[in-house]
Amino acid sequence: MGILNQKKNIRARIIQAKLQLTATAIAKQSDNVRLQLEQLPQFKAAKNILCYWSLPYEIITHEFILRNHIHKNIYLPKVKGRHLTIHKFIGASSMQAGNFGIMEPVSNVLTNLDLIDFAIVPGIAFTNNGHRLGRGGGYYDKVLPKLTNAYIVGVGFDLQLLKEIPCEAHDFILDKIVIAGK
């Protein structure tokens, strides 16, 4: 089986497993991940954080964003064509539904990605050595290499941690994986 089919099968398996999570389990694991993130020395030192506005069945980031944007600059991605642009979060009321139904900020685009010193990214699956399997669009694979000053962390539920994921040359290796309960 080719690498693309292997990735497709993993995506289908993990997405199906995530659909079985209860709202209570999602909230509990999300809170656990939030607490782990906030204890990281790299997070504590960071001033400019890239995060994401979570979709259903992802680690919930809304509380993390709302709690931390008061004393740190929080940035969120916005889908523009086949790429992500990065925008400052200025409040929940300044968000609007964008492509794929994802809530996106309406603020100006951040052009100097060197400002980002900590990044939190979603994924379908992760390994302990930093490999990440995304949804398959390559959006994060294009933007992550541009975050040259950022400590980049993938976050997920315990069922998203795998022993291995098939990788290609363009797949970006993360600095750390934070999994609920790990």
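Backbone N, Cα and C atoms are what each Cβ position is placed from, and that goes for glycine too.
Copied from TrEMBL, the annotated features are:
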| type | residues | note |
| --- | --- | --- |
| BINDING | K7, K8, N9, I10, R11, R132, L133, G134, R135, G136, G137, G138, Y139, Y140 | ATP binding site |
| BINDING | E58 | substrate binding site |
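Cα spacing between E58 (substrate binding site) and K7 (ATP binding site): 18 Å, rounded to the nearest whole number. Counting every protein chain shown, the number of other Cβ atoms lying within 10 Å of the Cβ of L133 (ATP binding site) is 22. For the ATP site, whose binding residues are given in the record as K7, K8, N9, I10, R11, R132, L133, G134, R135, G136, G137, G138, Y139, Y140, the maximum C-alpha distance rounds to 20 Å. Following the DSSP three-state reduction, the secondary structure of G137 (ATP binding site) is coil. Under the three-state DSSP scheme, the residue listed as 'substrate binding site' falls in the coil class. When the binding-site residues K7, R135 are scored by other C-beta atoms within 10 Å, K7 scores highest. K7 (ATP binding site) carries a helical DSSP state (H, G or I).
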